[in-house]
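**Q** First, the structure itself, so that you have it in front of you.
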Amino acid sequence: MTGIPPPSRFPEQPIPPWRRAVLKVGSSLLAADGGGLSPRFALDLAHFVSANITAGRQLVIVSSGAVAAGRALIPPLPESGGALAARQALAALGQAQLIALWQRFFDRPVAQVLLTHDDLRNRRRYLNARATLRELLHLGTLPVVNENDTVSVDELKLGDNDNLAAIVAALIDAQALFIATDIDGLYTTDPRHHSDAQPLHEVRTLTPENLAMAGDSSSTVGTGGMRTKLEAALKAGAAGIDTYLFNGRSSDVVRGLAQHRLRGTRIHPTCTPIAARKYWLRHAPVEPGAILIDAGAAAALAQQGASLLPGGVLSAEGDFRRGDMIQIATRSPDHPSHPLARGLVQYSAADVRRIAGCHSRDIQTLLGYTYGDTIVHRDDLVLL
């Protein structure tokens, strides 16, 4: 076996501008040799996060390490058939330690967000998760996301935090996914075993060959290897998001990231973020029913790219639910309804009927609750 080639084998390359990103940090960068968590590598990553937040950008951290932290708090558990229950118990014990580790580096609040598979496949939970993360970013906090191992079951697990990071990146409409690992980037073969491994500093299109040559996890504390990172890059790329693989153990490499310089692997997306989202909005199944709007609202949507507010709504047809994909149609006394747009609705049909024609500030009074000022946000809408 040979050592891993030095980071200098990866040429330095510029990172395109971004305004919102996800940083994924694996257990191998946070676990201490004797058990528990270590700030050794987390400190440089925290500096990277702080520098970008100070510059006006937004970041979400997806962090592993709860199980590793929990393992250090109690005597070693015996091997048994209750492996899942044991892991869930360790995650419950270690989650507070993990959040405390990150909080110590920042003078802003750190918010803990635990997600499950169900949260991301259910329309209403998906919308709620997205709204929560966006609001946390708007408030200037630092969200730290982890899979909720305490309640997840095997058949409903997201599987690893690499894939969770890609899903979160799409959830918040990020432009970049940074994956900190313990290897310098992607190689033509596993550099731990092959001295002739060549660095791949840029990948335009991920191929089955790339996935095949990616090694499995060699860490004793994590669940994801290079293959899961490439699978995550595929997910992110389908949403128009760049993925950057880099060595989180190298201070020079991490400091370079703060100056928008990468020594690692950049994996390009398969389309632009706007194209990916607009394609999905245009082709996703539409629920029966529609929202009928007046001419003023139609002009605001078509000419100004505005969100749909309750003031321009005439009525709602059908029995759609919050989070459904619905049609938006114009209606006037002289013309029948004509489809104008489609989008993800923030309120149910019953709620829309109650707030139709009112000002956004009156939603709370009329309903007793609010999901925001818009019925369909412009980011969730596409013109037909």
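Placed from the backbone N, Cα and C atoms, the Cβ positions cover glycine too.
Bear in mind that the values here come from a model prediction, so they are computed numbers and not experimental data.
Residues or ranges marked as ATP binding site by Swiss-Prot on the basis of sequence analysis: Lys24, Thr181, Asp182, Thr223, Gly224, Gly225, Met226, Arg227, Thr228, Lys229. The substrate binding site annotation in Swiss-Prot covers Ser64, Asp149, Asn161 and is backed by sequence analysis. Annotated domain 'PUA' per Swiss-Prot: 288-370, in sequence order, evidence recorded as sequence analysis.
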**Q** Including all protein chains shown, what's the count of other C-beta atoms within 10 A of the C-beta of Ser64 (substrate binding site)?
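**A** Result for Ser64 (substrate binding site): 29 other Cβ atoms within 10 Å.
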**Q** Fewest other CB within 10 angstroms, which one of the binding-site residues Asn161, Thr228?
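**A** Candidates: the binding-site residues Asn161, Thr228. Fewest Cβ atoms within 10 Å: Thr228.
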**Q** How do the residues of the domain 'PUA' (288-370) split into helix, strand and coil according to DSSP?
**A** 28 helix, 28 strand, 27 coil
**Q** Using DSSP and three states only, what is Asn161 (substrate binding site)?
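**A** Asn161 (substrate binding site) sits in a helix per DSSP.
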**Q** Test of understanding: give the count of other CB atoms lying within 10 angstroms of the CB of Asp182 (ATP binding site).
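**A** I get 17 for this one.
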**Q** Helix, strand or coil at Lys24 (ATP binding site), per DSSP?
**A** strand
**Q** Binding-site residues Lys24, Asp182, Met226, Thr228: which have a Cα within 10 Å of Asn161 (substrate binding site)?
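**A** The binding-site residues close to Asn161 (substrate binding site) (Cα within 10 Å), listed in sequence order, are Lys24, Thr228.
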**Q** Cα within 10 Å of Ser64 (substrate binding site): which of the binding-site residues Lys24, Asp182, Met226, Thr228 qualify?
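**A** Passing the 10 Å Cα cut: Lys24.
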**Q** For Lys24 (ATP binding site), which residues of its chain lie six or more apart in sequence with Cβ-Cβ distance below 8 Å?
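**A** Within the chain, Lys24 (ATP binding site) has Cβ neighbours under 8 Å at Ile61, Val62, Ser63, Asn161, Asp162, Ala165, Leu177, Phe178, Ile179, Ala180, Ala232.
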**Q** Enter the number of other CB atoms within 10 angstroms of the CB of Met226 (ATP binding site).
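**A** There are 24 of them.
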**Q** Can you see whether DSSP assigns Thr228 (ATP binding site) to helix, strand or coil?
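**A** Thr228 (ATP binding site) sits in a helix per DSSP.
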